[in-house]
Amino acid sequence: MKIIRVQDQLEGGKVAFSLLKESLAEGATTLGLATGSTPITFYQELVNSDLDCSALTSINLDEYVGLPVENDQSYDYFMRDQLFNAKPFKESFLPNGLADDLEAEVKRYDQVIAEHPIDFQILGIGRNGHIGFNEPGTPFAEKTHVVDLQASTIEANSRFFASIDDVPKQAISMGIASIMASKMIVLLAFGKEKAAAIKGMVSGPVTEALPASVLQQHDHVVVIVDEAAASELD
């Protein structure tokens, strides 16, 4: 696990984008993508570059259950707004949170991942150590699954909604085993509220109580942190 300390989120996005360009030069064709505020500067770098994404495939980590894609808090909307409208990919996959049969959708998404192995996976990290929507206690062997979101996650995401009651209570998430199958993982974390999770991920025991700690067992992880997020590291 390589730690890169940066001044701020802007620099973090630039560093992540430079790592992406290196991976693409080495033949990467499938990107695993994340949502939320953390990767926005990475997407800005991508959008402002001359990179042609028309031969690339993207697979997103997760999607809320029950939000229409035209809702501006759906991850489908987020990805179009932040990246895909400006940089179309050959194929872009997201879980379908409106599927009538969620278990069938989970199986479909696992098949998508199996057919398009991820070369370069972007991650954020939750305050409770979640990656994707894999909450504490999620088995490391889990593949794509339907998640009941923890109260802390619902509260953290409530700032994006008119009321906490509007925050979806479930999501479909790529599983920890799916994430770990990625060839390279780049995890971004900014802000003091991520410091404890970063410390546990980097130097704590590998435990399902802190999902991100499993990344200690991956061969190619780069962690990009600002000073606040790195403040509890030695």
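Using N, Cα and C of the backbone, Cβ positions are placed for all residues, glycine too.
Taken from Swiss-Prot, the feature active site, proton acceptor applies to ASP62 (among others), supported by sequence analysis. Following the DSSP three-state reduction, the secondary structure of ASP62 (active site, proton acceptor) is strand.
The feature active site, for ring-opening step is assigned by Swiss-Prot to ASN128 (among others). Following the DSSP three-state reduction, the secondary structure of ASN128 (active site, for ring-opening step) is coil.
With a 10 A radius on its CB, HIS130 (active site, proton acceptor) counts 25 other CB atoms from all the protein chains. The active site, proton acceptor feature in Swiss-Prot is assigned to HIS130 (among others).
Cβ neighbours of GLU135 (active site, for ring-opening step) (same chain, under 8 Å, six or more residues apart in sequence): ASN128, VAL147, ASP148, LEU149, GLN150, THR153, PRO211. According to its DSSP assignment, GLU135 (active site, for ring-opening step) is coil. Taken from Swiss-Prot, the feature active site, for ring-opening step applies to GLU135 (among others), supported by sequence analysis.
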Number of Cβ atoms other than its own within 10 Å, given for ASP62 (active site, proton acceptor): 22
Rounded Cα separation (Å) that holds between HIS130 (active site, proton acceptor) and ASP62 (active site, proton acceptor): 12
